[in-house]
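What TrEMBL lists as transmembrane segment is 60-79, 100-124, 130-148, 168-186, 198-220, 232-254, 274-291, 298-319, 325-346, 373-392. Annotation source TrEMBL lists Mg(2+) binding site at N227, D302.
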Amino acid sequence: MIINKGRLKFFQTTPKPKFKTGNKPNVTTKTKGSPMFLWLAHFSNWLTGLNVFQYTTFRAVMAALTALAFSLLLGPWTIRKLTQLKVGQAVRTDGPQTHLIKNGTPTMGGSLILTAITVSTLLWGNWANPYIWILLGVLLATGALGFYDDWRKVVYKDPNGVSAKFKMVWQSSVAIIAALALFFLAENSSNNILIVPFFKQVALPLGVLGFVVLTYLTIVGTSNAVNLTDGLDGLAAFPVVLVAAGLAIFAYASGHAQFAQYLQLPYVAGANEVVIFCTAMCGACLGFLWFNAYPAQVFMGDVGALALGAALGTVAVIVRQEFVLVIMGGLFVVEAVSVMLQVGWYKRTKKRIFLMAPIHHHYEQKGWKETQVVVRFWIITIVLVLIGLSTLKIR
């Protein structure tokens, strides 16, 4: 069902903030709560400088810096521990021959990313905000699945890891629980519609079933897509940073009543705290990229890729920007689609569409150097994120 003019009705539930004459609008949303550093704001009556801890923008920057520092400082220790535990990546012999030198490189480095995100979010986020706990729950639950998958591969020497059925059941359970939690947290109908980018007066009401199905597809699909992308040094980490940063902008706008009304976005009360999680993700992945850039000293493994993808999908659902995620994360989409096309076409015709799938290996087989593939895919992602951000105004 397409709604013309009806979309405007959804946004009429957005409260109009009132400002005193002569005062500038509060464009850095204040937050009430008392977790970790945020409790310092309660002493602002005695020391006005502490008032800065109330502001989302300040805490978002600090969350990014905290996660970045955490990853950079603990990265060497993590790599040493993984090496001591002999948690080395087994490289496929049927893959690009240039990858054989990577055999034995420590994997499961994604555990460092998840720890950095969790610590930073708990330090700077508002514990009273339910979105924080849903995001951390999805991140850690899918991370646990990835950890178990990696552990079976490297410790039990099982190249297949966990079965596809087990993985799907786990991911589906996490996605459905998150979907139901988000649906019942919605405060108004604008939080349960599908926004169509570039069209001001087009939106799709979802209902319970539609919302759950869309959330399921978004979380599970993005989780697996990011995992498939993580096949070259640094290929997945930096695009995750870019997409998370883009979604952080949408989260900030959606959580700010005035901005949401001006940009014709659905107002999602509390979405501004999602910015803290997104910037923590950016900082953690940038810190990890320091060690994951070519030639990689450590791989993130399924523990990182599955969790980061699921987290991005959950953020997109919270801010009602599933289509924008498809645009910004176009690289992840293409990587996943290339695998589906390759497998489907081969089963049907016994022929291959690509020299090798996912598509980044196709370009390696065509003669591109690994660094060329990675940097060019980064550039593509930058362009896609900018296109996604343009939907804020181009309608």
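Each residue, glycine too, has its Cβ placed from N, Cα and C.
Here D302 (Mg(2+) binding site) comes close to G110, L145, G146, F147, D149, D150, G161, N227: these same-chain residues lie at least six apart in sequence, with C-beta atoms under 8 angstroms from its C-beta.
No contact links the transmembrane segment (373-392) to the transmembrane segment (298-319), because fewer than 3 Cβ pairs that are 6 or more residues apart lie under 8 A. For N227 (Mg(2+) binding site), other Cβ atoms within 10 Å of its Cβ number 28.
In summary, the transmembrane segment (100-124) lies against the transmembrane segment (274-291): three or more C-beta pairs, each 6 or more positions apart in sequence, are under 8 Å. The stretches the transmembrane segment (325-346) and the transmembrane segment (130-148) do not meet in space: the count of Cβ pairs below 8 angstroms, excluding pairs fewer than 6 apart in sequence, stays at fewer than three. Contact check: the transmembrane segment (198-220) against the transmembrane segment (168-186) gives at least three Cβ pairs closer than 8 Å, residues 6 or more apart, which meets the contact criterion. Listed stretches 60-79, 168-186, 232-254 were compared with the transmembrane segment (274-291); the greatest number of C-beta pairs under 8 angstroms is found for 60-79.
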